[in-house]
């Protein structure tokens with residue numbers, strides 16, 4: 001009578017073992033369903049102080065969570081079975097391949113490689129399933145609070161900075177690595193003016209507080225002041241322009257899913273090629289520039305480790321602000337006082353006080369462990385700083401020793417902006433997210449991002465516009481587009 005080989009016997013025993021295990025699992029699932037069904041029916045029948053609509057929504061969400069975890073559990077079991085089958089096949093192959101036995105090291109390497117592939121598949125499945133659970137659990141009110149209104153597409157390279165005019169007509173300005181700055185109609189998304197006077201990347205743009213002037217900083221080691229005159233087109237009804245975001249699952253987008261800018265939308269708008277004034281004195285890239293209160297002076301920040309204060313009318317250098325140990329990354333001015341704050345890669349930011357003409361004091365703020373990407377003023381005596389160390393800190397100018405609030409995030413922070421009236425901080429991240437926090441560090445919302453909307457690459461900057469009826473927050477990124485958002489601030493604060 002023929003006898004079974006050892007490998008066949010082992011395989012048969014393992015198969016029977018998996019079969020009994022499968023039946024056991026099936027029975028366990030059935031009994032669990034019987035057990036979990038009763039509490040849910042009891043819950044639906046119990047009296048509750050919650051409104052019926054809220055209760056039904058909660059029950060539906062928990063049901064979705066249960067189904068997602070059940071599917072994940074079943075997929076996990078299937079993957080484990082595949083691993084066991086693969087291990088058995090490898091064990092059988094290890095006995096004889098071309099008449100030679102595999103060494104233990106070769107067999108272990110092959111098994112490890114195949115198992116790692118299945119492990120990666122398991123991780124991917126788990127990530128996708130949990131992402132669906134999280135997105136399903138989000139309340140509809142959070143989506144209604146933050147709505148994408150308009151996309152501004154026309155640059156041919158990444159957009160470093162975005163700004164909103166402080167005088168009528170209110171326009172949007174963007175500064176890009178394609179060596180241009182564009183002015184946009186906020187309502188229609190149409191390009192109104194193109195500035196092409198720089199021969200390097202345009203790194204920042206700021207509007208004059210009372211005149212139709214723009215200040216741009218560039219990689220060509222200069223800052224330009226140029227005049228613009230625009231006529232706004234007839235806007236569309238606001239209801240037609242707001243793109244609803246409810247019901248869209250947030251998914252990861254590849255870098256290839258970028259706006260199509262084959263058609264140069266800026267070619268039809270007027271082009272300005274010569275500035276009114278060119279501010280020259282830096283020996284490196286001018287990374288940022290801003291107007292001092294009143295608009296009579298401007299400050300520039302450079303990679304040559306200095307910030308310079310200029311007289312706008314004469315273009316003469318008034319003060320050279322030295323002290324940073326590494327390249328500067330940003331500069332910002334106080335809206336009502338002659339104060340300047342500069343940020344640097346040396347992990348510090350400095351406060352420069354020009355309120356007393358005879359004394360120019362400087363204070364150094366230390367608290368970050370990596371590059372300070374930006375520091376901005378808020379109402380009163382507070383400064384908010386963001387850093388590549390993934391933190392945002394709120395400081396009191398009267399107490400420089402330690403921050404009064406710290407926000408910890410999961411990604412490096414770029415140029416932040418504060419809604420002065422409501423004290424809401426907008427944080428643009430390297431990981432394509434934009435989050436909103438209050439001054440005490442409480443997270444309020446995250447701007448929606450899906451396969452059909454939001455930024456596809458790093459978000460470089462944010463800017464609030466508190467007076468515009470259609471869009472009150474703008475963001476820009478290295479995906480070559482700027483986005484206008486409508487943030488329902490009263491609803492946002494009510495949710496808080």
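Keep in mind that glycine also has a Cβ here, set from the backbone N, Cα and C atoms.
Caution: TrEMBL annotation is automatic and unverified by curators.
As annotated by TrEMBL, coiled coil applies to 69-96. The annotation compositional bias 'Polar residues' is assigned in TrEMBL to 1-13, 22-31. The compositional bias 'Basic and acidic residues' feature in TrEMBL is assigned to 32-47. The annotation region 'Disordered' is assigned in TrEMBL to 1-50. Per TrEMBL, the feature repeat 'WD' maps to 152-194, 195-227, 279-320, 321-362, 365-405.
Secondary structure of the repeat 'WD' (195-227) per DSSP, as helix, strand and coil residue counts: 0 helix, 19 strand, 14 coil.
Counting residue by residue with DSSP, the repeat 'WD' (152-194) contains 0 helix, 21 strand, 22 coil.
Using DSSP to sort the residues of the repeat 'WD' (321-362) gives these counts of helix, strand and coil: 0 helix, 26 strand, 16 coil. Long-range neighbours of the repeat 'WD' (195-227) within the same chain, counting only residues 6 or more positions beyond its ends whose Cβ lies under 8 Å from a Cβ of the stretch, are 157, 160-167, 173-183, 271-280, 282-291, 293-295, 298, 300-302, 310, 312. Counting residues of the repeat 'WD' (365-405) by DSSP class, helix then strand then coil, yields 0 helix, 22 strand, 19 coil.
For the repeat 'WD' (279-320), DSSP puts the residue distribution at 0 helix, 23 strand, 19 coil.
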